[in-house]
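Taken verbatim from TrEMBL:
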DOMAIN    1-204  domain 'UCH catalytic'
SITE      GLN64  site 'Transition state stabilizer'
ACT_SITE  CYS70  active site, nucleophile
ACT_SITE  HIS144  active site, proton donor
SITE      ASP159  site 'Important for enzyme activity'
Amino acid sequence: MKPTWQFGDVYGLDPELLSMVPRPVCAVLLLFPVTEKYEAFKQEEEEKLKGQQQVSPDIYFIKQTIGNACGTIGLIHAVANNQSHLEFESDSPLKKFIEQTVKMTPEERATFLEKDESIRVTHESSAQEGQSEAPSLDEKVNLHFIAFVNVGGQLYELDGRKPFPVVHGKTSEDTFLEDAVEVCKIFMARDPQEVRFTIIALSKDSY
């Protein structure tokens, strides 16, 4: 990607700290703990929403079939649903992957990703660059990344472990960060004893 848009930490959820996040924001990633409470909620939500939502055909959604790859899936969701905003390098493996999979089903995209060497190599080298030790693909990790995007004025939650995108109502370019944060607060309220939540925003670089 060209560095015209950058990921940055959201330090807190009150208006003052949200005002420090560069605008516009085109995607929000939430890292949260997968607890028994959350798994029970996920099951209930799936049954309740099945066939009840109007999901835009413009949404790019991919299932997660690779262990511990939720960060990469979250990035694909953030980027694939914001191609009109973002700029790619000419040899971008991510752009090539999105172009090759655009007409596929979420399941077919997942299978294609499993075989995509360029994304796998990029994922592994990026994971090793971080300050903390990266877990192996099959190690049990109970933290999970999901993405929030604005497509057609609707706020979508995209989670490769779920069977479909979740619609959270209307949003706009101006209110997107605040709207996504309201949904993040619901995740936090579900597990009030937990502190392992991280939010990052994909913002236009202001420098």
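Glycine is no exception: its Cβ is also placed from the backbone N, Cα and C atoms.
All features noted in TrEMBL, drawn onto the structure.
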| residue | record | Cβ within 10 Å |
| --- | --- | --- |
| GLN64 | site 'Transition state stabilizer' | 22 |
| CYS70 | active site, nucleophile | 22 |
| HIS144 | active site, proton donor | 20 |
| ASP159 | site 'Important for enzyme activity' | 23 |
For HIS144 (active site, proton donor), the close recorded positions (Cα within 10 Å) drawn from GLN64, CYS70, ASP159 turn out to be CYS70, ASP159
Could you state the whole-number distance in Å separating the C-alpha atoms of the residue listed as 'active site, nucleophile' and GLN64 (site 'Transition state stabilizer')?
7
In angstrom units, rounded to an integer, how far apart are the Cα atoms of GLN64 (site 'Transition state stabilizer') and ASP159 (site 'Important for enzyme activity')?
8
Find the average pLDDT over the domain 'UCH catalytic' (1-204) in the predicted model and report it.
91
